[in-house]
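Each remark here refers to the structure printed beneath this line.
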Amino acid sequence: VPLGVPVALGVPPSRPPCRPVNVTVAAEKDECPQCLAVTTTACGGYCRTREPVYRSPLGGPAQQACGYGALRYERLALPGCAPGADPTVAVPVALSCRCARCPMATADCTVAGLGPAFCGAPAGFGPQ
């Protein structure tokens, strides 16, 4: 790394550090026949990890994942919901992100998932 070029949190310059990034997600509910594509911010980027040469019988070091530091929720209404059904959904918006152990009770830190734009509603995204 040239002098004067900082390396954020030990992450090489070729890999962006953990930060809020724009994403498009599919908002859906069981009572509504179609999804709504929503642009929001989520946390993405790399966190410094270490793999020791020596394997301790006490276990390995805690690996960190990029997750929410602070967030707020935006409420949106889905189109075409059944009469009497609540059409509103809450979409998280990342205000800040941080590297920490994955909170397995509230987050999905798997290698690959369905993806944020997956829509399981019968009518999909409806007419565009």
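The count begins at 1 with the first shown residue.
Any Cβ shown, glycine's included, is placed from N, Cα and C.
Per Swiss-Prot, these features apply:
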DISULFID  Cys18-Cys66  disulfide bond
CARBOHYD  Asn22  N-linked glycosylation site
DISULFID  Cys32-Cys81  disulfide bond
DISULFID  Cys35-Cys119  disulfide bond
DISULFID  Cys43-Cys97  disulfide bond
DISULFID  Cys47-Cys99  disulfide bond
DISULFID  Cys102-Cys109  disulfide bond
If you measure from the Cα of Cys97 (disulfide bond), which of the disulfide-bonded residues Cys18, Cys35, Cys47, Cys81, Cys119 is the nearest?
Cys18
Using Cα coordinates, what distance in whole Å links Cys102 (disulfide bond) and Cys81 (disulfide bond)?
34
Please work out the number of neighbouring Cβ atoms within 10 Å of the Cβ of the residue listed as 'N-linked glycosylation site', leaving out its own Cβ.
10
Neighbour tally for Cys18 (disulfide bond), based on other Cβ positions within 10 Å of its Cβ:
24
Whole-number Å value for how far Cys32 (disulfide bond) lies from Cys119 (disulfide bond) (Cα to Cα):
12
Under 8 Å by Cβ from Cys66 (disulfide bond), same chain, sequence gap 6 or more:
Cys18, Arg19, Cys43, Gly44, Gly45, Tyr46, Cys47, Cys97, Arg98, Cys99
Least buried by Cβ count (within 10 Å) of the disulfide-bonded residues Cys32, Cys35, Cys43, Cys81, Cys97:
Cys81
